[in-house]
């Protein structure tokens, strides 16, 4: 890759860490099923994302990424810190809550990380397609999180949320066209 492309990847480091760890958590759960490992990996991902965002501020790496599709500025860096911090608080607060669905704990934490990464990308997006992709990344993760318990109420809420999201996606795409 060219230097410009590497700088673009560097500017997206906080989001990429969250997405990479979400995948690692899912793959690790196939081999080793330990709750503390999933929670620890999730918190490590959040800490890594916060640290990378801090280095972007310290190195003054503000600018556009991927030919102006994404912009890393003070606004997006503020929301990187905010969304990663909130994801960390949610992970810490839901350690006991995730016992309700012990079979799907790794999916729960991976979806939290994916949703946070989508929100961070949404704050950095300036192109309509990038905004749409980031919004869908966030939304689809949240649709699955709503229906994760697999009881009647959760399934109903997930279906209603999915239908409402599909309608809003259709209206959004129509408005962008």
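First residue shown is number 1, and so on along the chain.
Using N, Cα and C of the backbone, Cβ positions are placed for all residues, glycine too.
A TrEMBL annotation is a machine prediction, not a hand-curated record.
So that you can see what the record holds, here are the features copied from TrEMBL:
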- 125-177: domain 'NADH:quinone oxidoreductase/Mrp antiporter transmembrane' (DOMAIN)
- 12-32: transmembrane segment (TRANSMEM)
- 37-57: transmembrane segment (TRANSMEM)
- 77-95: transmembrane segment (TRANSMEM)
- 107-123: transmembrane segment (TRANSMEM)
- 129-149: transmembrane segment (TRANSMEM)
- 161-176: transmembrane segment (TRANSMEM)
Mind pulling out the one from 77-95, 107-123, 161-176 with the most Cβ pairs under 8 angstroms to the transmembrane segment (37-57)? 77-95
In the domain 'NADH:quinone oxidoreductase/Mrp antiporter transmembrane' (125-177), how many residues does DSSP call helix, how many strand, and how many coil? 44 helix, 1 strand, 8 coil
Counting Cβ pairs closer than 8 Å, which of 12-32, 107-123, 161-176 has the most of them with the transmembrane segment (77-95)? 107-123
